[in-house]
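Student: Quick paste of what TrEMBL says about this protein:
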COMPBIAS  77-89  compositional bias 'Polar residues'
BINDING   263, 435  Mn(2+) binding site
DOMAIN    310-522  domain 'FAM20 C-terminal'
ACT_SITE  415  active site
């Protein structure tokens, strides 16, 4: 009957409404069950995985075999499309230790050697916890819009070109940062005040990637006096590879000119850790690596000039020599045992097309001539002239240069003819301490002329002086700290013991030079330039 049919329709509608209400209630209950921070940020993927829902990784990625990189077309702060920051407006994106706030969700993931040790104790010292100025958008090298899709394209620089044509679209949204490879997070974290934070939980991951990640491309780096390779990883990260040329116990002969010395792979590794212990943090991360010449260079290189230089030595070892100004010949070939070769892997800085860098000639540059001397070597009042010359006539540029001189003296590096800065930050930023391969060549001689900027200007940052004095005390002995830091490297022992002992001796000479300046100065503040305020 019609009445019966209407009754059935009403029952069906009521049942359908109940089902809808039940579904809505279930959805609200599940949403409330997740923590508030998870609903806002990175716990989405974890929660969905726990509920059995496929996320953007794992099986989904496996089903797209040709999915690969479209990363970082332009992070430039001058790009109008990227003006919005990835942080909420008005929020301070950095934590108490200067790290980006988003990184703290990973917790303390420092490796075991970085906890319960003299090195860990050093980084807990108040001198290593002096707060940096607040980092604003204008102080960041890159400003990221989390809704932007980034793509990798050739800029004409070998540092970013890959032979792979595969593409991967990065997920967009508020959790985009979590999808970035570690090398990209390193680039994103660079700001006006530091290359990387004091306590960067990503550092040991980046060092591990440099030492172990699969190499998919190896080409020779253009320019330079000695052979270097650009190596590319599957995630488009890249590193500068400097091969082993000298054994650890060899010293540079006294008759060698500084400009014809070998570039040592272990010096690059040790310089990074020494720079970090001094709290400069101006050298890109470097890790040691054992490379298979056959599988990781010869068989995968697309560099025809490099490919022509491979040969098998009479001892049956795989060798190559490449093309460069010095030591690129069969007489100076790099040979494996039989094809294993040590080297340093340094994380590359962002492409200059994305983050321009300016190269500055050092006022204390050497003559690079067998008989001629530079002006500073003949004029004891040379610093007076430098102080009147921009950019050394204002700001902290001269003091930063003296910091660099201290670093170079400690490791015996005479080859500091230029330095670089990020152009975006103008003159108010740190100096990049690049190319340290000619350090740690001698341990029995101390080249005092490296300290000329300190000796002639009689000025040093108060914070630098206090840290140097701390590193001369028994609980924080510099040689012991560097020994501990280098023990974690894959190529340990990185330095021969005499080089570590020379550090303490040279540190004493730096402090003595400052002491002589204090003894002759009218006021201590003329020598110790205050950059930290009152200190106990």
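Placement of Cβ uses the backbone N, Cα and C atoms for every residue, glycine included.
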Student: Between residue 435 (Mn(2+) binding site) and residue 415 (active site), how far is it from one CA atom to the other, in Å?
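Tutor: Checking the Cα atoms of residue 435 (Mn(2+) binding site) and residue 415 (active site) gives a distance of 9 Å.
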Student: Could you tell me the C-alpha distance between residue 415 (active site) and residue 263 (Mn(2+) binding site) in angstrom, no decimals?
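Tutor: Here the two Cα atoms lie 10 Å apart.
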Student: Which of the listed recorded positions (263, 415, 435) has the least company, meaning the fewest other Cβ atoms within 10 Å of its Cβ?
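Tutor: Minimum Cβ neighbour count within 10 Å, taken over the recorded positions 263, 415, 435, occurs at 415.
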